[in-house]
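Engineer: To start, I am sharing the structure in question, which I have written as structure tokens.
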Amino acid sequence: MPCEGCMERDNVSTGETMEFLLLGFSELLRLRILLFLIFLIVHLVTLAENMMIFLAVVTEPSRSPMLFFLCQLSAIELCYTLVIVPKALLSLAGAEGSAISFLGCAVQMQLFVALGGAECFLLAAMSYDRYVAICHPLRYTALLSEGLCLRLALLCGLAACALALGLTAAVFRLPFCRSRRIDHFFCDVPAVLHLACTHGYGPQLPLLAACLLLLLLPFLLILASYLRIAVALSGISSSAGRGKAFSTCMSHLAITLLHYGCATFIYIRPTSSYSPARDKVVSLVYTNITPLLYPLVYSLRNKEIRGILRRRLRRKKIAQVN
């Protein structure tokens, strides 16, 4: 039985003309200008940081596998912020939120889930890189060849896009109620599912399946890599040697915990605990703060990145003097 007030979407034109309203932070009208300026500054700094690391690694003639994965991570974060933040800024610019078309909302969700999923798979590939570097240092370049890195990067992107497409199609096939006000600053999956007129756990099943494949599977691979690393480190008698080897994993661990902590809080939980205000705060950290912190974590902890940036700055100074 269809619920009262649901929008029938058998007619194709209905989906084309249908619009959602992203409420954003409309409840904080007095802080709208301040939030807009903070979002804008954070967005510009994030773009500058990730672009700097991306260009620095791309222009480097010789790249290690970790640098290759860092370059891909920076590219994902660049796209990530461009998909979410501009629309969030528009919602802050208007007092009543920002309108987004049915197709635009679906595309934004597809890109957001695909990029987030690609990052999960990429973190798993980076954990394998750390495993090989610590457990098989003499075979590092042989096991992680350039061809394998390219195949892993391509596999991460294609798998995430396919799963994101399936999830987005499942969500937007649902009937939506006439109240099309999304209490969020972008088309996040739980916020859009909250508008569905269906009842029960049926609409949650695609999200659960996507979480198992996009979150749990990469997490298990990361856990397996670090268990092998822990076993290898336990065989090192020198505490200084163990500390030096483990320090190479700190950046990856910090980013993994931050990424999975926010994602788990939002997507792996009972439907009854859904809270728009709390979700917006966590999503704010997830989509704005973490992309800002990633380049800082890696530029401060990774010697190769620091060396590349120092060489680029030195060349720039020499060029200015000449």
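Heads up, residue numbers simply count up from 1 along the chain you see.
Including glycine, each Cβ sits where the backbone N, Cα and C put it.
No curator has checked TrEMBL annotations; they are predicted automatically.
Worth saying up front: this structure is predicted, and the values here are computed from it rather than measured.
Just lifted these from TrEMBL, have a look:
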TRANSMEM  33-55  transmembrane segment
DOMAIN    49-298  domain 'G-protein coupled receptors family 1 profile'
TRANSMEM  67-90  transmembrane segment
TRANSMEM  102-128  transmembrane segment
TRANSMEM  148-172  transmembrane segment
TRANSMEM  207-233  transmembrane segment
TRANSMEM  245-269  transmembrane segment
TRANSMEM  281-300  transmembrane segment
Engineer: Which residues of the chain, 6 or more past the ends of the transmembrane segment (33-55), have a CB below 8 A from one of its CBs?
Structural biologist: 25, 70-71, 74-75, 77-78, 81-82, 85, 88-89, 92-93, 288-289, 291-292, 294-296, 298-299, 305, 309
Engineer: Determine which residues of the chain contact the transmembrane segment (245-269) at the Cβ level, with the cut-off under 8 Å and only residues 6 or more beyond its ends counted.
Structural biologist: 116, 119-120, 123, 126-127, 130, 133-134, 188-190, 207, 211, 215, 219, 222, 226, 229, 233, 236, 279, 282-283, 285-286, 290, 293-294, 297-298, 301-302
Engineer: What mean pLDDT score does the domain 'G-protein coupled receptors family 1 profile' (49-298) have in the model?
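Structural biologist: It averages 85.
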Engineer: Among 102-128, 148-172, 281-300, which stretch has the highest count of C-beta pairs below 8 Å with the transmembrane segment (207-233)?
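Structural biologist: The stretch with the most contacts is 102-128.
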Engineer: Same-chain Cβ contacts of the transmembrane segment (281-300) under 8 Å, 6 or more residues past its ends?
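Structural biologist: Beyond its ends, the transmembrane segment (281-300) has Cβ neighbours at 39, 42-43, 45-46, 49-50, 52-53, 70, 73-74, 77, 80-81, 84-85, 88, 184-186, 188, 251, 254-255, 258-259, 262-263, 265-266, 306, 309.
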